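TrEMBL lists 157-166 with the feature compositional bias 'Pro residues'. TrEMBL lists 15-133 with the feature domain 'Response regulatory'. Look at TrEMBL and you will find Asp66 tagged as 4-aspartylphosphate. What TrEMBL lists as region 'Disordered' is 146-175.
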Amino acid sequence: MSLTSNTAASLRPLKIMIVDDSAVVRGLISRWLEHEPDMVLAGLAIDGAKGVEKVKEVQPDVLILDIEMPNMGGLEALPKLLAAKPGLKVLMASTLTTRGANVTIRALELGAADFVPKPDSSRIGGADGFRTELLTKIRALCGRTRSWPMPGAAPANPAPVKPTAPAPGARPLTA
């Protein structure tokens, strides 16, 4: 891939697909993505089987995959999703439980790129933490975490330094 096409790919919005049986979760993440200029919602599916069909059509960069769903769960769908779209980055999403931790390890063994815990309904502000972690991980998976200036960018203007008066009774330094 040439440098030019690499640069163009890094400038286009990331295509995100959500596979989750919860309409609330799909709606919440969809609304968050609407406010992210570097991301676009590419598709939605309510279970793994529909996700496998849809991923072939929309060719997302990142897929957010629930673990427990009717018809075809996330673990069963994961290898099929990866086969349908080579290079797909799959971010598993589920609630944190001991059983969930074991399932998460299994998902990572099957090829998931990372995991993000869904918020616990008992935690105040849990959705905000979930949003921040989810969006951060999506960007990290696609190499968009750079927060320092690009090479060749103009340096930031530093704030002017205010001179301070010497402390009362201070002596000048002499060599």
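Quick reminder: no glycine exception, Cβ is built from N, Cα and C everywhere.
Cβ contacts within 10 Å of the residue listed as '4-aspartylphosphate', excluding its own Cβ and spanning all protein chains shown: 25. Mean pLDDT of the predicted structure over the domain 'Response regulatory' (15-133): 91. Asp66 (4-aspartylphosphate) carries a strand DSSP state (E or B).
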